[in-house]
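Pasting the relevant annotations from Swiss-Prot:
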TOPO_DOM  1-17  topological domain 'Cytoplasmic'
DOMAIN    14-284  domain 'PTS EIID'
TOPO_DOM  56-62  topological domain 'Cytoplasmic'
TOPO_DOM  96-103  topological domain 'Cytoplasmic'
TRANSMEM  104-143  transmembrane segment
TOPO_DOM  144-147  topological domain 'Periplasmic'
TRANSMEM  148-176  transmembrane segment
TOPO_DOM  177-186  topological domain 'Cytoplasmic'
TRANSMEM  187-212  transmembrane segment
TOPO_DOM  213-244  topological domain 'Periplasmic'
TRANSMEM  245-258  transmembrane segment
TOPO_DOM  259-264  topological domain 'Cytoplasmic'
TRANSMEM  265-283  transmembrane segment
């Protein structure tokens, strides 16, 4: 009598740990460290992926070499919002290491497909809204002579930056390929519009608070029965009509000049010249 013995080959599922994800997050802070004109952020992306590649692919294995080469392809996006792309790539690499039929083209296709739309969101949110608003808050405090101003800007901006990077990687990894659905349906456009509206609202309030323009040209002088003289200036009339009108017009003028591609340095110099000349001629006051 012969005895049949069934043998089954078991393989251990390869799984990224929280330590690996934290390692990717920490390395992503050096994302721009090796930026170059040929492949932009490719080296930074590959450097960030190293902890995951070490976990998923054995040392001195062809699969590890392919993974390294795979992430040296051209990549360029806003550096903070590269985090969810890193997270999605982690999920895809994990599935591939466990035998899923995911080729190089699929992984790079997801990266290329996400880096453009996310760059369109990251630039207006971080460079056009978050940084100017925090800088304005810090500058307002610094104008009073307090060191808290620049410290506040540094702390707030980096809190947002680090939170975006960490939770972006974690979110992208947890969602995997499904993140593409979340990016659809006009979500990115609504997010960008909302951030832009909030930024414009805050900057509008700051313009009225911190921009001071005085036009002391006298319109009339009236002496009352007690002999007290009442002077009406152009600035008095403007404040009665709409407080902060001149600073608002100056802001619109700056926006128009910037859209015409005028160098911001020349705009600043122009304001200096107008202010000095206007004060010398008596058109502007302190």
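Using the three backbone atoms N, Cα and C, a Cβ is placed for every residue, glycine included.
Give me the local environment of each listed feature.
Averaged across the topological domain 'Cytoplasmic' (56-62), the predicted model reaches a pLDDT of 85.
When Cβ-Cβ distances below 8 Å are used as the criterion, the topological domain 'Cytoplasmic' (96-103) is approached by residues 13-14, 56-57, 63 of the same chain, each at least six residues removed from its ends.
Helix first, then strand, then coil: DSSP counts for the topological domain 'Periplasmic' (144-147) stand at 0 helix, 0 strand, 4 coil.
For the topological domain 'Periplasmic' (213-244), the DSSP counts in helix, strand and coil order read 8 helix, 12 strand, 12 coil.
Residues 204, 207-208, 211-213, 215, 238, 264, 267, 271 of the same chain lie 6 or more positions beyond the ends of the transmembrane segment (245-258) yet place their CB under 8 Å from a CB of it.
According to DSSP, the topological domain 'Cytoplasmic' (259-264) comprises 2 helix, 0 strand, 4 coil.
Away from its own ends, the transmembrane segment (265-283) comes close to residues 215-217, 250, 254, 257-258 of its chain (Cβ-Cβ under 8 Å, at least six residues beyond either end).
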Sort out the residues at least 6 away from either end of the topological domain 'Periplasmic' (213-244), same chain, that have Cβ-Cβ distances under 8 Å to it, and list them.
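Contacts of the topological domain 'Periplasmic' (213-244) (Cβ under 8 Å, skipping residues fewer than 6 from its ends): 207, 250, 282-286.
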